[in-house]
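First up is the structure itself, then whatever we jot down about it.
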Amino acid sequence: LSVPSEIPKEDGRPKWDNKFQYILSCIGFAVGLGNVWRFPYLCQIHGGGAFLIPYFIALVFEGIPLLHLELALGQCLRKGSIGAWNTISPYLGGVGVASWMVSVLVSLYYNTVLTWVMWYFVNSFQEPLPWSVCPLNENRTGLNEECYESTAVNYFWYRKTLNITPDVTESGTLQWWLILCLATCWAIVYLCTIRGIETTGKAIYVTAICPYLVLTIFLIQGLTLPGATEGLAYLFTPNLSTLKNPRVWLDAATQIFFSLSLSFGGLIAFSSYNPPKNDCEKDAVTVAIVNSVTSLYASIPVFSVLGFKATTGYWDCLDRNIISITNEFDLPEESIMRQNYTAWIRFLNSSHPKKIAGLKLKSCDLQEFLDQSVSGTGLAFIVFTQAIILMPGAQAWAILFFIMLFSLGLSSMFGNIEGVFTPLLELRIISKSIPKELLSGIICLICFLFALCFTLGSGSYWIDIFDSYAGSLPLLVIAFFEVIGVAYVYKIKRFSKDVKWMTGRKPNLYWQITWRFISPLLLLIVFVAFVTLQIQKPSSYAAWNPKYEDFPMKEKKVYPPWVLAICVLLAVLPCVFVPLVALFHLIKRTRRNKDSSFVPPEVFSCQGANS
Amino acid sequence: MLRVLLLTLSVVAIACAELCKPGAQNAFKVRLSIKTALGDNAYAWDANEEYLFKAMVAFAMRRYSSKSTTQISNVLLCNVTDRVSFWFVVTDSSKNVTTVPESEVEAAIRMNRNRINSAFLLSDKTLQFLKITSTLSPPAEPSTPVWLIVFGVVLCLIVAGIIFLIVAGIQQRKKKSKESTERENLEEKGEVTVTVENGIPCETLDLKAGHINGVFAADDERFTSL
């Protein structure tokens, strides 16, 4: 290991070591946990292969134009989100502040998801895997009751990991094991972002490439599992009638938008470290396409494994029925096999219907098992871990799987932290004498202390709240103002000239039309539809309550008013900066107009930014 | 004489039939799953295996209560099915033709369960006594939880990395400030006439390490052509 050498700086700004690091960082930021646990789920519930149609339309008309806009903006202005928007127009400075605020809020809870991944990772080194067996109860007469009534996997997730409380208002206690893992995760983030992109750029080689390797290994393993073809057929069989449901189009648009990690300010920060003459158009198209292809690529092993799990569940159901019948009728062993099960059932139903009815056999239907769709943390920590237990060499698969999830999340965290870090570095409030290491340390420490709230018993309910309210609505608002700001305040003609200076060719008709009309319109429609849907359904959550009468089903509860107030606050707080800053500058300007010695600010241009 | 013998035998046979039947008092149902346990090495259940079973039960009764004098003939099997399942009772030869209470039999079998299992190469799951539940073995708990060890390793590596990077950064900064103070000292002493342009010595500008100011070098169109 050698001491990192002095990074060559033209205007005092750090640079990427090479173009590949920059592209890899953008891809790592965009490709995150959602590509693995949200896209396959959406594909499944929205008609399989048919979902790809609205998905690609949204990619072409919403994803790629917005991505190109952000990358070009950062590269031209060479500042983080706050500085960039202040430069475009002081009235739009609020957009930058809103981006920064959202990055802060998301950084707080995103690392807690990585904490859970790390906890599962360190627990994967045991034989047998701790989520495969139920522990005994206190007097050793049987299995633990909560575990017995649900499953061992559920018990390990809800009790041993989260130690979840039955209600969001009951905070419970801090879970010391989660605090340890949280501290480790923040230490890892600090280690990788300690000097900004100088250290992130080196770490990204590992964290961005590792998931692809592991996905390929899982792909090969998944395709050899029994039942994989059923899962894949189920996933990809197109059902074009679902396209009539507007919900499908909304989900496609929001998925593209959130998947590309737009409006966080992280992409602006990344591209601001580029040399000014860089082809941002090609970069944008590359990153967007790689992100979508990764989603598709990830859904293949996910659905092979889910198909395997459904098939094993179906076989277990059949086997249990076969044992009951064999025992009841005292038939010789292995006389009823899975293949002739239906024939036997028919025969026995006709000869001894009362006995068969008395056995209370469960109806085993493979479709029913395949229909059990899960997304999000449920997919990773419950369904997938259950499937891993059934694979030979379960420890190795568990370790690989959690390493992959950790790298996916970590590379997205880099983008979030960069979106917080870069604007702070440029603020004149932070004096130049504070070393970068100290600033990143302070950011990580403050985030760690806040994130301790999520290690309480009710932590996972709060993370759901943050994810649904802080990580969704403000982003749409910010993106809308971004496009409007560049298209109508900065003016597209000027922007096209800047892009031509950077890339060497004028943006063609596709970019002009999408930036001016299609993207803002699409964003407005998506925003209105999103808000309408959110308002329509009553804000409820599903609580894990062992004392619930229908346990292990989750209990549906409603958020109390104070929690709803926090939800609204989270959604509104970043957005409110946009009008606030504009108002502030308007007041300043009217006051300055009264003062006669008023010098109008210089007209900004991209070429002049580098002097 | 022969008639009396025949009569006694038939009475005994009928009594045996009375004692051992499905659902009789103090009778137990046993179920074996030999093919599930042994696969290709499964043996067939025949009269010899039944004899072994009777012997094992008698052995269990003897071992449980030392004053027990259970003989193989005291264990009665009936209703053997293809499943391989059957019922058995243990009779008490000291009292006339009664069966040993089921609590005693249960306790005896519980005590010797693993001996009985291993005689038949089976386990608690594949040799089931339907009324007797098996005691669960406690899970093996290692002294230090494994996850703490892995966690400790990961944490140590990360802390080492952070300390290394911070120390390297401090060293770099010290080197830079030392270089700049050295240059200042040289200029003060006037020993080395270093021609300086904007704080950068001219020698470095001559070499490739010089910086080109993009604003002036970029556009030739800015300058009006002669």
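Keep in mind that glycine also has a Cβ here, set from the backbone N, Cα and C atoms.
Keep in mind it's a predicted model, so treat the numbers as computed, not measured.
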| message | Of the residues A:Asn86, A:Asn239, A:Asn278, A:Asn291, only one is listed by TrEMBL in the Na(+) site with A:Gly28, A:Ala30, A:Val31, A:Asn35, A:Ser259, A:Leu408, A:Ser412. Which is it? | response | A:Asn291
| field | Spatial neighbours of the transmembrane segment (A:396-417) far in sequence, C-beta under 8 Å, 6+ residues away | value | 25, 28-29, 31-33, 35-36, 103, 106-107, 110-111, 113-114, 117-118, 120-121, 124-125, 129, 188-189, 192-193, 200, 203-204, 206-208, 210-211, 214-215, 217-218, 221, 261, 264, 266-267, 269-270, 380, 384-385, 388, 440, 443-444
| field | Three-state secondary structure, which DSSP defines for A:Val31 (Na(+) binding site) | value | coil
| message | Given a Cβ distance threshold of under 8 angstroms, which distant residues of the chain, six or more beyond its ends, lie next to the transmembrane segment (A:513-535)? | response | 58, 61-62, 64-66, 69, 246-247, 250, 253-254, 257, 472-473, 476-477, 479-480, 483-484, 486-487, 492, 495, 507
| query | Can we call the transmembrane segment (A:469-492) and the transmembrane segment (A:88-110) in contact, meaning three or more C-beta pairs below 8 angstroms at a sequence separation of 6+? | reply | yes
| Sequence gap of 6 or more, C-beta under 8 Å: which same-chain residues meet both conditions with respect to A:Val31 (Na(+) binding site)? | A:Ala208, A:Pro211, A:Val290, A:Asn291, A:Thr294, A:Leu408, A:Ser411, A:Ser412
| Near A:Ser259 (Na(+) binding site), which residues of its chain come within a Cβ-Cβ distance under 8 Å, counting only those 6 or more away in sequence? | A:Ala30, A:Gly32, A:Gly34, A:Asn35, A:Arg38, A:Phe39, A:Gly63, A:Asn291, A:Ser292, A:Ser295
| query | When a 10 Å sphere is centred on the Cβ of A:Asn35 (Na(+) binding site), how many other Cβ atoms does it contain? | reply | 25
| said: Please report, as numbers and ranges, the same-chain residues at least 6 past the borders of the transmembrane segment (A:20-39) whose CB is under 8 Å from any CB of it. | reply: 71, 113, 197, 200-201, 204-205, 207-209, 211, 255, 258-261, 266-267, 270-271, 273-274, 283, 286-288, 290-291, 294-296, 298-299, 302, 375-377, 379-380, 404-405, 408-409, 411-412, 414-415
| query | So are the transmembrane segment (A:45-67) and the transmembrane segment (A:248-270) touching or not, going by 3+ C-beta pairs under 8 A with a sequence gap of 6 or more? | reply | yes
| field | Least buried by Cβ count (within 10 Å) of the binding-site residues A:Asn291, A:Ser412 | value | A:Asn291
